[in-house]
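Take a look at the structure set out below.
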Amino acid sequence: MAKKIVSDLDLKGKVVLERADFNVPLKDGKITNDNRIVQALPTIKYIIEQGGKLVLFSHLGKVKQESDKEGLTLKPVADALSEKLGKEVTFVPETRGKKLESAIKNLSEGDVLLVENTRFEDLDGKKESKNDPELGKYWASLGDVFVNDAFGTAHREHASNVGISTHLETAAGYLMEKEIKFIGGVVNDPHKPVVAILGGAKVSDKIGVIKNLVNIADKILIGGGMAYTFLKAQGKEIGLSLLEEDKIDFAKELLESNGDQIVLPVDAKVAKEFSNDAEITEVSIDNIPSDQEAMDVGPKTVELFSKELEGAHTVVWNGPMGVFEFSNFAQGTIGVCKAIANLKDATTIIGGGDSAAAAISLGFEDDFTHISTGGGASLEYLEGIELPGIKAINDK
């Protein structure tokens, strides 16, 4: 069933509550990456243009004690948002109370107000994170309709997403709509053939995703640290490479039942120490020295993976191929990025997290159909789990 989106709502003159994802990195009170603010702009601008009175909610970081508040205020976000919109954004340094209620009452059509960090409510019995029913009801009482545009927290049942949705007509913002379309599309109705590329350090992080994707993907290419548990399951010697002993049986069973679908590295870049300056050797996957660790897939693996990608109509990628933060071990990730970017007739999706950071930092941002804004949310969505934040959005 299709979900309501913001353009389905009548917004003129209404107080529109919106859950955005402004969980941006800060250093000394300055925003170091404003990507999440930029991604939120289309929905915000649409609500303003339609004459809505916009009240924005977001969390920022984890608030565990009173002293955390100072470094986790949303004031820098209000300033950045004001600059990007070219208009004043009223910032209310509270999450409830008369000051907030009065500021909302004084809003005119097209005005924007940002409420303080929703997780300040976690200091009193984790009211935000545990979806306290009274808090959700109170926040909902401040507005007429609700727009959820925070995919990054869609896998969480919090007062500021699910709690508010319980009491108000709820629609997805444009960013949330894109995530439902692309990540949801991979899971529910992909254009075949589908190739999934999985990387990153741990098999344990991706077990649910693998179990779901074997029913969807024609091929699953596995790189990154997680590949070595699979190679060990095949009986290969992996030296000091990353290994999850307790996942060998899972890998073995998967290779036995779905071996035709799974493609593993054929070579690797190995080193004696975990450092960018380490001496690098390229070896066949059968020749990893006992005193060395695989830090990246090798050129033959990039070639093999590129070949497997040819002809794919849908590609979903989650997790880098090696220690891409070290430039000497980024070639595998760059190679896969290039191979995906060169596909002509494919829908190409990065499922958030480290692979999204890698693609953006390596300059491939514009070469993908969609780069997800969610880390944990993307993974759970790819597992086929119905996310609470999406479930709470009204159907059309």
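Glycine residues also receive a Cβ, built from the backbone N, Cα and C atoms like all the rest.
Taken from Swiss-Prot, the feature substrate binding site applies to Asp21, Phe22, Asn23, Arg36, His59, Leu60, Gly61, Lys62, Arg119, Arg156, supported by sequence analysis. Look at Swiss-Prot and you will find Lys206, Glu325, Gly352, Gly353, Asp354, Ser355 tagged as ATP binding site, backed by sequence analysis.
Around Gly61 (substrate binding site), taking its Cβ as the centre, 14 other Cβ atoms fall within 10 Å, counting all chains. Residue pair Arg119 (substrate binding site) / Gly353 (ATP binding site) shows a Cα separation of 22 Å. Taking each Cβ in turn and tallying the other Cβ atoms within 10 Å, the top scorer among the binding-site residues Asn23, Ser355 is Ser355. Asp21 (substrate binding site) sits 14 Å from Gly352 (ATP binding site), taking the CA atoms of both as reference points. Cα distances from Gly61 (substrate binding site) to the binding-site residues Lys206, Gly353, Ser355 are smallest for Gly353. Taking every pair among Asp21, Phe22, Asn23, Arg36, His59, Leu60, Gly61, Lys62, Arg119, Arg156, the residues listed as contacting substrate, the largest Cα to Cα separation comes to 18 Å. For Asn23 (substrate binding site), the nearest of the binding-site residues by C-alpha distance turns out to be Asp354; the candidates were Lys206, Glu325, Asp354. Annotation: His59 carries the greatest number of neighbouring Cβ atoms among the binding-site residues His59, Arg119, Lys206 [cut-off 10 Å, Cβ to Cβ]. For the binding-site residues Gly352, Gly353, the largest tally of other C-beta atoms within 10 A is found at Gly352. Across the structure, Gly353 (ATP binding site) and His59 (substrate binding site) are spaced 18 Å apart at their Cα atoms. Within the group of binding-site residues (Asp21, Glu325, Asp354), the Cβ with the highest number of other Cβ atoms inside 10 Å belongs to Asp21.
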